[in-house]
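According to TrEMBL, the feature domain 'YjeF N-terminal' maps to 13-230. Annotation source TrEMBL lists (6S)-NADPHX binding site at 61-65, 129-135, 163, 292, 355, 404, 480. Taken from TrEMBL, the feature K(+) binding site covers 62, 125, 166. Look at TrEMBL and you will find 257-534 tagged as domain 'YjeF C-terminal'. Residues or ranges marked as AMP binding site by TrEMBL: 449, 450, 451, 452, 453, 479.
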Ligand SMILES: NC(=O)C1=CN([C@@H]2O[C@H](COP(=O)(O)OP(=O)(O)OC[C@H]3O[C@@H](n4cnc5c(N)ncnc54)[C@H](OP(=O)(O)O)[C@@H]3O)[C@@H](O)[C@H]2O)[C@@H](O)CC1
Ligand SMILES: Nc1ncnc2c1ncn2[C@@H]1O[C@H](COP(=O)(O)OP(=O)(O)O)[C@@H](O)[C@H]1O
Ligand SMILES: [K+]
C-alpha cells in the first residue's frame, strides 16, 4: 500500500472473495448475508421510520444481496416490493431468493412493473455489481432508464445502490456503452443518494462519472480483511480518503500524513537551519505574466522549503518586488544563466511552467531537463514539451508532470482519445490506466489533474486523490499553487511520487478549509492551518 486506503479492482475483489470461501472459514452465503445486513443497516440508519421500498434484483450475486436486503427490511417493519428475474443461477443468490419468497412475492423486473411502484421512499438497485461485463441492453436497459427518471434530480424517491450503480464500470467510473461524460447509447445515468460497497473502495467509485453516480459512498466491512492482506503484494492504488473506512491499520489522517513525511521529508527540528529544508527555484515569465509564478513561489515557501527563488527575465524583476519579502528574486535571461545558478548545490528542486510563456519554456527546457534535481513541469512547460520531438526520452524518474486534461491530451493524444471512446466491454479504459501508461512511457511521475486527480509513477504505483467535495478548487491559479506545493515538498526531500500525492492532498485540504469563495491566493494562506491540523 502506498498510503491512505487500498483500492481494489473488481477482479481483485472477486479473487479475495474466492480465497475466503476456498479457505472453508466463511461461506459465500455468510458473506452475502453480511453484505445484505450492512446495506439494510445503512438504510435503517438514514430512514429510521420504516417506509416503502422497492428492490430491483438482477441475475447474479448482486441480486442475491437484494433479496437479503428485502428480507431484513421486511423484518424491520418496512413494506417491500421486490422485482426480479426468473433465472438466478448462483446457489447463494438462489438461496437468498428462496428465503425472500417465504416472506413475500417477486414481480417481474420490467419497466411497467417499476412504473407501478411510485409510492416507494427508497429504490434499491441490486441489478449488477462487480460482475458487469457489457452494457445493459433490452429489458434491463429499459428498467435502468426508468429507474434513472424515477429517482434522479429533484424526484422525491431516493436511490440506494448495492456495491455500485448498475451499468457503471467499477474499474473506471464510466458507464459501459457510453462515451465521454456518460453520453451515448447507454441508459439515463443513475444518481444514487447512497452507495454501500464492500470491503474496499473500487476505482469506479472515485473516478470519472462514479462519484456523481454513487452519491454518498459507504464502505462496509464484511470480514475479508485477512484475505485482503494475506499473501498478496500491496495494492497499487490508494487514496487519501476523507471518509472513514473500517478495518484499516492506519486510520487517522494525522498518522497518514506523519507516515508520509517520516519517509522522506526533513521534518523541522531544533538542529536544522534554512538550508536543511531545501531551496526551490521557480523559472518565471515576462512582465505582466508574473502572478502565476508568484502563486507557485508562495506555495513553495508555505510548504516549508527553506528558501525559494523566483527567476523572471531581468526586465520583469521589479514586478515581483514585495511578493512576499521572503521570496528571493534573480534575473534569468539565457539558458547559460540557469546553468550558472545551478552550480549552487543547495538548490534542491525546480519548477518551470506557471506563467512562464511557451517560448521561454522552450528556451529553458533543455537546461532544466538535463540537470539531475527533482523538477516539476507544469502549464506552459508541458505545452513546450509536447512540441519537442521525442520528448519522452528527455524525462526520467525525478520529473513530475502536472497536466490538466487539455495538456494531457497534447502530450498523450492517443490515451486521451481512448478515454473518450465508447466502451462496449468492461472493464473500460480508465483515468488510472491512462495515467499509468503515460508515466510508463516517459519514465516520469504524472499527476493528471481533475476532481479525481490520478498520480502514477513509472513503476506502476498509482494513487487516486478524490476532491469531488471541493469544486471551488477549480479556480484560476489553483494549479499554479499545486505546482508550488509539490516543488516545495521535493525541495524538502520527498520522493517525486510522494511529493505529488502529498501536494494534491494538502492542496484539497486547504481548499476545504477555506470553503466556497476561494481564490487561488487564499490557498497558500490556509497551509499553516492545514499543517497544524495534521500535527506537522
Ligand atoms: N462473491 C461473493 O461471495 C459476494 C458477492 N457479493 C455481491 O455479488 C456481486 C457480484 O456478483 P456476480 O459476480 O454474480 O455479478 P453481478 O454483478 O451480480 O452480475 C453478474 C450477472 O449479470 C450478468 N451480466 C453482466 N453484465 C450483463 C449485462 N450487461 N446484461 C445482462 N446480464 C449481464 C452476468 O452474466 P454473464 O456475464 O455471465 O452473461 C451475471 O449473471 C457484488 O457486486 C456484490 O454485490 C456480496 O454478496 C459479497 C459476497
Ligand atoms: N471540479 C473540481 N473539483 C475539485 N478540484 C478541481 C476541479 N476541477 C479542477 N480541480 C483542481 O483544480 C486545480 C486546477 O488546476 P489547473 O487546471 O492547472 O488551473 P490553473 O491553470 O488555473 O492553475 C487542479 O488541482 C485540479 O485538480
Ligand atoms: K447495483
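Just so it is clear, glycine is given a Cβ too, placed from its N, Cα and C backbone atoms.
Where TrEMBL records a feature, it is marked here on the structure.
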residue: 61; record: (6S)-NADPHX binding site; DSSP (3 states): helix
residue: 130; record: (6S)-NADPHX binding site; DSSP (3 states): coil
residue: 163; record: (6S)-NADPHX binding site; DSSP (3 states): coil
residue: 404; record: (6S)-NADPHX binding site; DSSP (3 states): coil
residue: 450; record: AMP binding site; DSSP (3 states): coil
residue: 479; record: AMP binding site; DSSP (3 states): helix
Item to check | In sequence order, the binding-site residues (163, 450, 453) whose C-alpha falls within 10 A of residue 125 (K(+) binding site) | outcome: 163
Checklist entry - Counting other CB atoms within 10 A of each CB, which of the binding-site residues 404, 449 comes out lowest? => result 404
Checklist outcome for this item: Within 10 A of the CB of residue 166 (K(+) binding site), the number of other CB atoms across every chain shown is 25
Next on the checklist: Quick check: which same-chain residues outside 62, 125, 166 lie with their CB within 8 A of the centre of the K(+) site CB atoms?
Outcome noted: 56, 58, 63, 66, 126, 127, 128, 129, 161, 162, 163, 164, 165
Checklist entry - So of 125, 163, 452, which of the binding-site residues has the fewest other Cβ atoms within 10 Å around its own Cβ? => result 452
Next on the checklist: Looking at the domain 'YjeF C-terminal' (257-534) alone, can you tell me the average pLDDT?
Outcome noted: 92
Next on the checklist: Which binding-site residues are spatial neighbours of residue 166 (K(+) binding site) here, meaning Cα within 10 Å, out of 133, 404, 450, 453, 479?
Outcome noted: none
Checklist entry - Which of the binding-site residues 62, 130, 133, 163, 404 has its Cα closest in space to the Cα of residue 453 (AMP binding site)? => result 404
Item to check | Nearest of the binding-site residues (449, 450, 452) to residue 64 ((6S)-NADPHX binding site) - Cα to Cα | outcome: 452
